[in-house]
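Peer 1: Got a structure for you, questions after.
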Amino acid sequence: MTTLHILGFPRVGAKRELKFAQERYWRKELAEQDLLDLAKALREKNWLHQAQADADFVTVGDFTFYDHILDLQVATGAIPARFGFDSQTLSLDQYFQLARGNKEQFAIEMTKWFDTNYHYLVPEFQKNTTFKANPTHYVNQIREAKAAGHQVKPVIVGPLTFLWLGKEKGEAFNRFDLLKQLVPIYFEILTALAAEGVEWIQIDEPALALDLPQEWLAAYQDVYAQLAKVNAKLLLATYFGSVAEHADLLKALPVDGLHLDLVRAPEQLSAFEDYPKVLSAGVIDGRNIWRANLNRVLDVLEPLKAKFNQRLWIAPSCSLLHTPYDLAVETQLQQNNPELYRWLAFTLQKVAELQVLKQALNAGRDAVTEQLNDSQTAADARANSNVIHKAEVAQRLANLPANADKRQSPFAERIKLQNKWLNLPLLPTTNIGSFPQTLEIRHARAAFKKGELSLADYEAAMKKEIEFVVRKQEELDLDVLVHGEGERNDMVEYFGELLDGFAFTKFGWVQSYGSRCVKPPVIYGDVTRPEPMTVRWSQYAQSLTDKVMKGMLTGPVTILQWSFVRNDIPRSTVCKQIGVALSDEVLDLEKAGIKVIQIDEPAIREGLPLKRADWDAYLQWAGEAFRLSYMGVKDDTQIHTHMCYSEFNDILPAIAGLDADVITIETSRSDMELLTAFADFKYPNDIGPGVYDIHSPRVPTAGEIEHLLRKALKVIPKERLWVNPDCGLKTRGWKETIEQLQVMVEVTKKLRAELAE
């Protein structure tokens, strides 16, 4: 018989029940016991869904109140010493303080979990870190599930991935040196799990899909030789990429089974067809929301079944944490877009797909004819749908002129033309894009969406807000103005709602971090722009002032990265389609007299593949898609872009290759360190390093901004330097925003006068 198991389940519930309970608990509106009871009910529901789908085990240890890597920091005693907490007796309140900070200590840093849109809390390792086992989190969940009558498989992230994901703090050392102390602690934790009578323990080592240094790879053999002494079988799970280059290493490891991601890297299967133990085939996509073509999946699985027999397990490619909970609650989508609805599968539907596959492998395809026919019909409909495939989009991409993604003239010539009409002072000041969104604005948007506010009243509310934002900027004496983006709920969703080829769910939430969830748009078809999206707002804003108004768009790579993307054509093609659609908007803005246009790309870096060897291909198509978004603009139109993150050094040639006339970047928190990379690289175009951190309500002193600007002037010629905040101001309040910008403008004017002398 084929074994069915799940690597992990979403934690937040079908309608974000956990999120709302957590937030009520933090506001002291919910008792701790009530939060614990709700969490238990959610776990029981998750286990029941797995059991009802004929899973051979239910997975435990995957549920967390905030983050599974934070749970591991507690379980190994590796919580940051700076908090002064005892990991053995940690309270729920203290646990949340680690994640959210308190009056004395800032929160543990967050970063992206591999190349997903989930964030984990980065372990802080010090030279003198001492580990201490506390398996309570896992043991309690095992007991809970067993008490409910389930067969149980606990999951824990492995020691090498855990160490790799952390950062060294304090005195310089290599965190790899902590491995020999960490492994006995893992042994202690696994021994406690085995003592609960579990047959299998799943140990996740996704770091194997990265370019790990040789000494880290070499350590796997010894680490797992020690862990294999535990009185339970070990399933080593890899995902997010191919581990084929480590096939010899993995075959020799003393574990009892291996999980492979055959969705992200189907080609790696050939390297493991002689694997002598349990092979878990990750055949259902754990990171996207499309139904699988089950006949095609069986074409892969049936030969494996013949070869591996009882040793074949089936599973999703990775944890289902990255997919929404249940398609069945999307009644609105089912009514409005029944065709698209039939092509989708959320977590519960994916579990059901695995159940069908298990039945087919155990009893033959005839046992599930109806389900297989239904799957095939949906796949065929999707392949041939004219809702998805638009001949004119494919033609337009195929017939782009040879240098469609190149400006007419090089930057040195363009900037002269731009400066001539812009007539800006030295060190021009601007804002990144958004201004604070008041409750009033949010209410107006929501009421309009629900049909409670007429179009005329909605437009009046937005125009009133735009005028307010423009007047405030004039009072502050900023040089290049923005309209404030009051009409936008989210920088991707706003454009997705106005572009063809996108759809939206009502409950398609996935966890981003802690209680924060995001609802990505669904890109299901060829992308086009049926009509202008931003022109009237920017045009209205420009009509209110003689100062230069900047148009604001979200770039193609960011729209791609923050959406669920169709899987029937390459991501690169989808990205170029978005770029071409945006170019229509850019040209319409230009025609309307908006000749400074910003195309934001905060997500270009996070799209980088996990393996370095794949970077160039990605950066090439991502860069092309970005340049296509402004194709055809005149030389005297100034294109800006904005990026927010701290690591640029390794992709600077690609950033320069975007050929934006002005790039604004987040630099204040790193004390302008980032700029040295731009200077060493001799970055050729204009640059606006952020001079204060917008993530805090604190108003910077004149001295702080002056210090940063003087640092910037040391490495960037004054003629090419812009002055701006780090990021958009949407999440700030108006009071601190005005005060922050006042300081920024005053310091700029002081330095301007000095430079003029």
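Positions of Cβ are set from backbone N, Cα and C atoms, glycine also.
So Swiss-Prot says this about it:
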type: ACT_SITE; residues: His695; note: active site, proton donor
type: BINDING; residues: Arg16, Glu17, Leu18, Lys19, Lys112, Arg516, Cys517, Trp562, Glu606; note: 5-methyltetrahydropteroyltri-L-glutamate binding site
type: BINDING; residues: Ile432, Gly433, Ser434, Glu485, Asp600; note: L-methionine binding site
type: BINDING; residues: Ile432, Gly433, Ser434, Glu485, Asp600; note: L-homocysteine binding site
type: BINDING; residues: His642, Cys644, Glu666, Cys727; note: Zn(2+) binding site
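Are these features on the surface or tucked inside, and what are their neighbours?
Peer 2: Secondary structure from DSSP puts His695 (active site, proton donor) in coil. Within 10 Å of the C-beta atom of His695 (active site, proton donor) sit 14 other C-beta atoms, taking all shown protein chains into account.
In the three-state DSSP assignment, the secondary structure recorded for Leu18 (5-methyltetrahydropteroyltri-L-glutamate binding site) is helix. Leu18 (5-methyltetrahydropteroyltri-L-glutamate binding site) is surrounded by 23 other CB atoms, counting those within 10 A of its CB over all protein chains shown.
Around the Cβ of Ile432 (L-methionine binding site), the number of neighbouring Cβ atoms within 10 Å comes to 25.
In the three-state DSSP scheme, Ile432 (L-methionine binding site) is classed as coil.
Close to His642 (Zn(2+) binding site) in the fold, though at least 6 residues off in sequence, lie Ile432, Gly433, Gln598, Asp600, Glu601, Pro602, Ile663, Thr664, Ile665, Cys727, each with a CB less than 8 Å from its CB.
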Peer 1: Note down the number of other Cβ atoms within 10 Å of the Cβ of Lys112 (5-methyltetrahydropteroyltri-L-glutamate binding site), including every protein chain shown.
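Peer 2: Neighbour count, Cβ to Cβ under the 10 Å cut-off: 15.
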Peer 1: Measure the Cβ-based neighbour count of Asp600 (L-methionine binding site), defined as the other Cβ atoms within 10 Å of its Cβ.
Peer 2: 25
Peer 1: Counting across all protein chains present, how many other Cβ atoms fall within 10 Å of the Cβ of Glu606 (5-methyltetrahydropteroyltri-L-glutamate binding site)?
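Peer 2: The answer is 16 other Cβ atoms.
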Peer 1: Quick one: among the binding-site residues Cys517, Cys644, Cys727, which has the most Cβ atoms sitting within 10 Å of its own Cβ?
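Peer 2: Neighbour-count leader: Cys727.
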Peer 1: Nearest to His695 (active site, proton donor) in three-dimensional space, by Cα, is which of the binding-site residues Arg16, Leu18, Ser434, Cys517?
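Peer 2: So, of the listed binding-site residues, the one sitting closest to His695 (active site, proton donor) is Ser434.
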Peer 1: Among the binding-site residues listed here (Leu18, Ser434, Cys517), which has the Cα closest to the Cα of Cys644 (Zn(2+) binding site)?
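Peer 2: Among Leu18, Ser434, Cys517, Ser434.
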Peer 1: Please report the number of other Cβ atoms within 10 Å of the Cβ of Ser434 (L-methionine binding site).
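Peer 2: That number is 22.
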Peer 1: For the C-alpha pair, I'd like the distance in angstrom between Glu666 (Zn(2+) binding site) and Ser434 (L-methionine binding site), rounded off.
Peer 2: 15
